[in-house]
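Below you'll find the structure, written out as structure tokens, and then a few comments.
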Amino acid sequence: EEEETGDVLEAWERAYADDRSWEALQEDESGLLRPIDTKNLVHSQYRRRLLAAVRIQKGLIRYLYIVIDLSRAASEMDYRPSRMAVVAKCAEAFIREFFDQNPLSHVGLVTIKDGISHRLTDIGGSPESQIKALMGKLECSGDSSLQNALELIHGYLNQIPSYGHKEVLILYSALNTCDPGDVMETVEKCKKSKIRCSVIGLAAEIFICKHLCEETGGSYTVALDESHFKELLLEHAPPPPAIAEYAAANLIKMGFPQRGAEDLISICSCHKKIKSGAGYICPRCKVNVCELPTECRTCGLTLVSSPHLARSYHHLFPVAPFDEVTFKLGQKGGQNCYGCQQSLINSDSQSNLHVRCPKCNQHFCFDCDIYIHESLHNCPGCESQR
């Protein structure tokens, strides 16, 4: 039993420390060591995410509250150095990725501890302000209350316009919930208000969390380790499928404000403070706002910039997934990647796996495939033929 326990601890520690890394070394035909190639593993994970996303209608204007469990369960050290530290680090990466994928959306932060839910930040479109507020409030204490968090968020999301997609993402560390009333009634209220609730557990599966996600159309997953938790979290960054009953398609009035003069002194309508320059002027009521996108506090007009709309275009018309093909020596065409011009032929093998665009039939390497679908959002071969 002691030997088995030692083996488990060794395998568990390997996820956090670079111990016994020599076991993963690879040799070539002559017996020399060669670098560890993780490209195929990364690309297979990326292909799985890409093929899972079918061409469906998505909600581009999202109002998301991230609920972070800071009860005493978050101080457990099964994640190194603690669950709280891992959640904070991954939440920071998620917030940045969320705004990169959803430039027209808004995020707010809610924490649970001592059986009470606190709203850390108002729902807004600035990633830096959200991250700064989160990093300043990392303290664990007391029990967790799922009902209090849902009741608090329900009151705020009920004020969201009908065209917005209302979502809640709960990062839950505890194995129970200490509620003042019937949590089932709160779940029904969220369902009637069309709030999509998703939960990522850090400990084990809980019935009430699974029931909440099933009733509201969200997803419930449990993380196995830190890397798995980050992978599950980043899956919520792209816009989810739009449910017709949850947010009807509608025309939205938007304003494109001009940047104020550097020497202009005015009162910011967001923070009610006097500021000089570095703001935006609402085209309807001429008040000053700090950041975009936002909603004018005076006239209610949605204020965005043209790059925000341009960055949302790829969600409406995504690049089609490329087909995996194998190039054999002696075959004509497709010997070099069309993107980076590197050779697709391995010197030590008779064939090499790469991808091909189904429209323009140009061949690409794995790195260019990931870059095209996750960053560029345009196929160079198709664009060059226009």
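One-based numbering along the chain as shown.
The backbone N, Cα and C atoms fix where each Cβ goes, glycine too.
Record features (TrEMBL):
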- 63-202: domain 'VWFA' (DOMAIN)
- 282-299: zinc finger (ZN_FING)
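Here the zinc finger (282-299) is broken down by DSSP into helix, strand and coil counts: 0 helix, 4 strand, 14 coil. Restricting the average to the zinc finger (282-299) gives a pLDDT of 85.
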